[in-house]
Amino acid sequence: MEVPGANATSANTTSIPGTSTLCSRDYKITQVLFPLLYTVLFFAGLITNSLAMRIFFQIRSKSNFIIFLKNTVISDLLMILTFPFKILSDAKLGAGHLRTLVCQVTSVTFYFTMYISISFLGLITIDRYLKTTRPFKTSSPSNLLGAKILSVAIWAFMFLLSLPNMILTNRRPKDKDITKCSFLKSEFGLVWHEIVNYICQVIFWINFLIVIVCYSLITKELYRSYVRTRGSAKAPKKRVNIKVFIIIAVFFICFVPFHFARIPYTLSQTRAVFDCNAENTLFYVKESTLWLTSLNACLDPFIYFFLCKSFRNSLMSMLRCSTSGANKKKGQEGGDPSEETPM
């Protein structure tokens, strides 16, 4: 999310807060390189998440884990659908109305889905910890209902948090080239935007602590299991359990860099504490780490495949059916060559 305090004077210059110095910035990276990178994510994410959604809607919601994964794939698909608007807007290929749409709707939706994904990764982490410590416990109907209610509550909370950001982005642009979404926000819209920024930071850091604590406990439990079964026939099962660490890998690759880069970047926008070169570096770091948050939509399918047995079995069954169907069709088309040979 962009901080209201910053003031960009044109597409290639930006003013350093608290000074009259204009800091030139080369936007070729953000107008060419990042649109290309987002295009790759869009096609890869659309294919993998469409397939994941198709599979998940064939699987019963028989555990909290599957319920949380289903919500995650919906969130990822919504995020992916915002990419084309960002690509066209950043590449300066759309009209001013497109930039207004991005600021008012798709950019808000992007962050809305990001923090939903972060929240569900936190819940999935808790679920995996409970599965590690109590592997034979099954989900009761009351637990499943609780997971569904919690999922609805997360969506409702984030929607109510994000909706004012859409409504309060209601100023008419004075210039066709809108360099910052904050120029379109009302006075209260800027205040609400800042409040939402703080709340989203809290959401991230809460889930960051959940991931750190749960994986510390999971590591401890897996080590105890290793010591107990060392040298026994259960060793292969322990190696399978290591797959659970894919969640923390995705969380740290996608979300941690952005939220650490965001702190000095926000400071550079609101206070004159960095020189021009440092400001530009922080800007590019912020844009790079923001792309990593988008990468989450392409990495989550690996979580589904490695950690969800029902998903993996359904996918393999689908692939086998497709392969056998293709072979059968090929056989029917080819037939027996002797039948086509004239006497």
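Just so it is clear, glycine is given a Cβ too, placed from its N, Cα and C backbone atoms.
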Practice problem: State the disulphide partner of Cys181 as given in Swiss-Prot, choosing from Cys103, Cys214, Cys254, Cys276. | Solution: Cys103
Exercise. Quickly, which of Ser61, Ser268, Ser317 does Swiss-Prot have down as phosphoserine? Just give the residue.
Key: Ser61
Quiz item: So which of Ser63, Ser225, Ser322 shows up as phosphoserine in Swiss-Prot?
Solution: Ser63
Exercise. Sort the recorded positions Ser61, Cys103, Cys181, Cys276 by C-alpha distance from Ser162 (ADP binding site) and give me just the closest.
Key: Cys103
Quiz prompt | Cβ contacts the transmembrane segment (34-56)/the transmembrane segment (285-304), at least three under 8 Å, sequence gap 6 or more | solution = yes
Practice problem: Could you give the residue numbers and ranges of same-chain residues that sit at least 6 residues beyond the transmembrane segment (149-168) on either side and whose C-beta is under 8 angstroms from one of its C-beta atoms? | Solution: 67-68, 71, 104-105, 108-109, 111-112, 115-116, 119-120, 123, 185-186, 188-189, 192-193, 196, 199
Exercise. Go through Cys103, Cys181, Ile263, Cys276, the listed recorded positions, and name the one with the sparsest Cβ surroundings, counting other Cβ atoms within 10 Å.
Key: Ile263
Exercise. Taking Cα atoms as reference points, rank the binding-site residues Arg99, Asn165, His193, Ile263 by distance from Cys181 (disulfide bond) and give the first.
Key: Arg99
Quiz prompt | Spatial neighbours of the topological domain 'Cytoplasmic' (57-67) far in sequence, C-beta under 8 Å, 6+ residues away | solution = 123-124, 127-128, 131, 138-139, 143-144, 146-148, 151, 307-308, 310-311, 314
